[in-house]
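> After the structure tokens below, expect a handful of questions from me.
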Amino acid sequence: MLDTLLINIGQLLTMDQEDGLLRREAMNTLPVIENGAVGIENGVITFVGTAEEAKGLQAKEVIDCGGKMVSPGLVDPHTHLVFGGSRENEIALKLQGVPYLEILEQGGGILSTVNATKQASKEELVQKAKFHLDRMLSFGVTTVEAKSGYGLDDETEWKQLEATAQLQKEHPIDLVSTFLGAHAVPKEYKGRSKEFLQWMLDLLPEMKEKQLAEFVDIFCETGVFSVEESKEFLLKAKELGFDVKIHADEIDPLGGAEAAAEIGAASADHLVGASDKGIEMLANSNTVATLLPGTTFYLNKESFARGRKMIDEGVAVALATDFNPGSCPTENIQLIMSIAMLKLKMTPEEVWNAVTVNSSYAINRGDVAGKIRVGRKADLVLWDAYNYAYVPYHYGVSHVNTVWKNGNIAYTRGEQSWSTATI
């Protein structure tokens, strides 16, 4: 007997087409079962089909979805989840045209977050991150990548990673941990970036032993770390058994996309300034292009990543929030879907695949997340919508009714979130 049977699903978005990364026409294809049903037993999906095919199945609990839509839990493959403080005091300065470097000199910018993160205890960081995870869950997200990077020293980076490990045990959302110690060059290492990167590399063996990070990331950009420094750093991390990511070409066409494809990174993220050559190399690789249009929007920039061109040329595109306190303070991945549709010229079908299938592959979870398939974890979302296009079309609000994580209800609209975490 099943534990739970969901019936009368108007559109069941299984996302279950070919295995592997979705490209070109596959990105524009959504497998949908009309009048669908899903069976769950011991936290695992055991039946996927039509309501007619589900007749005769017995379950302890039968849930009538009222003709509404059900999808897999969404996957957010790029966040800066664990941090101290906030930066709303900088908004007025930005609107006045105060340059970012001047804000930095006043102790703001990333330095403000670094200082607040250093001062916070691990438990304070955990409680704050729980608040944000609760919000992500309410937007339908069940798997999240979480980066460190607001320490720029060993003690605080460890604290962030340990906080992420604790959150993995205490919150329903599955977390994938990324070490981003190479987020910026600290003042004390100005002009000595290679020495700083070596210091970060020296932390990796113990990090691997304690299983505190699965990925290593670096910010490859003008004035931060060069392409050659980034490649050398990430290749050494790969030698130590880590998978790698790269913040690439966010501002300038520096060659980060090319580097990511060349070294076999799991993903290249941002890519606003990616060159034609970089896009071509990504299309011929298994590196996912994780686009972060919410960041471009919040920074009030004119030029967005060329998502339409990337998809047309065969790049596997994913979407993420880039949730962070400075350049994209939102947990709302549904808003990101809307921005991607409007500014990256992605279709609703492409947007859905970019927050499920391809986003799961961007964090090496393609075999466990992003699809509704027999044998997979029952990470499901019931939407207050009757078709998939409505979600990115009606922007700025959450359309989520109920979220199941491993077969258990983790969020229901109108009821208190699972935790009592406060910001």
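Heads up, the Cβ atoms here are built off N, Cα and C, so glycines get one too.
Not my notes, these are from Swiss-Prot:
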BINDING   His78, His80, His247, Asp322  Fe(3+) binding site
BINDING   His78, His80, His247, Asp322  Zn(2+) binding site
BINDING   Arg87, Tyr150, His183, Glu250, Ser327  4-imidazolone-5-propanoate binding site
BINDING   Tyr150, Asn324, Gly326  N-formimidoyl-L-glutamate binding site
> List, in sequence order, those binding-site residues among Arg87, Tyr150, Glu250, Asn324 whose Cα sits within 10 Å of the Cα of His80 (Fe(3+) binding site).
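If one measures from the Cα of His80 (Fe(3+) binding site), the binding-site residues that come within 10 Å are Tyr150, Asn324.
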> Going by C-alpha distance, which of the binding-site residues His78, Arg87, Tyr150, His183, Glu250 is nearest to Gly326 (N-formimidoyl-L-glutamate binding site)?
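That would be Arg87, the closest of His78, Arg87, Tyr150, His183, Glu250 to Gly326 (N-formimidoyl-L-glutamate binding site).
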> Cβ distance under 8 Å to His247 (Fe(3+) binding site), same chain, sequence separation 6 or more: which residues?
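When sequence neighbours closer than 6 are ignored, His247 (Fe(3+) binding site) has Asp217, Ile218, Phe219, Cys220, Glu221, Gly256, Asp269, His270 within Cβ distance under 8 Å.
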> Rounded to a whole number, what is the top Cα to Cα distance in Å among the residues the record ties to 4-imidazolone-5-propanoate, namely Arg87, Tyr150, His183, Glu250, Ser327?
21
> How many whole Å apart are the CA atoms of Asp322 (Fe(3+) binding site) and Glu250 (4-imidazolone-5-propanoate binding site)?
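So the Cα of Glu250 (4-imidazolone-5-propanoate binding site) lies 12 Å away from that of Asp322 (Fe(3+) binding site).
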> From the centroid of the CB atoms of Tyr150, Asn324, Gly326, the recorded N-formimidoyl-L-glutamate site, which same-chain residues not already listed sit within 8 A by their CB, in sequence order?
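The surrounding set, listed in chain order, is His80, Phe83, Arg87, Ile110, Thr113, Gly149, Pro325, Ser327.
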> Starting from the Cβ of Tyr150 (4-imidazolone-5-propanoate binding site), draw a 10 Å sphere and report how many other Cβ atoms land inside it.
31
> Per residue, counting other C-beta atoms within 10 angstroms of the C-beta, which of the binding-site residues Glu250, Asp322 reaches the highest number?
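Ranked by Cβ atoms within 10 Å, first place goes to Asp322.
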> Counting across all protein chains present, how many other Cβ atoms fall within 10 Å of the Cβ of His183 (4-imidazolone-5-propanoate binding site)?
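For His183 (4-imidazolone-5-propanoate binding site), the count of other Cβ atoms within 10 Å is 24.
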> Let's check the environment of Arg87 (4-imidazolone-5-propanoate binding site): how many other CB atoms sit within 10 Å of its CB?
20
> Tally every other Cβ atom lying within 10 Å of the Cβ atom of Ser327 (4-imidazolone-5-propanoate binding site).
20
